[in-house]
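Okay, structure first, notes after.
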Amino acid sequence: MSTKAQNPMRDLKIEKLVLNISVGESGDRLTRASKVLEQLSGQTPVQSKARYTVRTFGIRRNEKIAVHVTVRGPKAEEILERGLKVKEYQLRDRNFSATGNFGFGIDEHIDLGIKYDPSIGIFGMDFYVVMNRPGARVTRRKRCKGTVGNSHKTTKEDTVSWFKQKYDADVLDK
């Protein structure tokens, strides 16, 4: 019994998974992208507006140009597993942020196991995973707000080692 018991408060967990499809225009393509996210997550997606006008892309301020959905719990882990399978369980080192979150993109949503529908088309999407530890709520709650100490904050190294261990995955340097 020389091994020390792991503190359960130090275990990393997936707080949420955000799926985003940025279409770049409002209208029919945006509603079709919304259907894709609804099929994948079983939740109603939210439309995102452009922050400012970009004339070269033909985007106006406050025009709806993207859809996203936030998934939590076991469903988030299941969708993330399908996304990582498409990426062959390989992510680059720069996919991980300094705060311990990570993200990646896929080119075709049909790789996730969704049946191709010619009326919808094919969309790529971004996966973004927010990681935390138990006790992170103290920074966000309304009453008795507190801070998380530096030793308990999620770091890039913690997330990379968790990712390698949980998914038996590779993190490439380049």
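Cβ atoms here come from the backbone N, Cα and C positions, even for glycine.
Here the candidates are Lys13, Lys35, Lys75, Lys164, and Swiss-Prot annotates Lys75 as N6,N6,N6-trimethyllysine. Listed in sequence order, Ser41, Gly42 are the same-chain residues six or more apart from Lys75 (N6,N6,N6-trimethyllysine) with CB atoms under 8 A from its CB.
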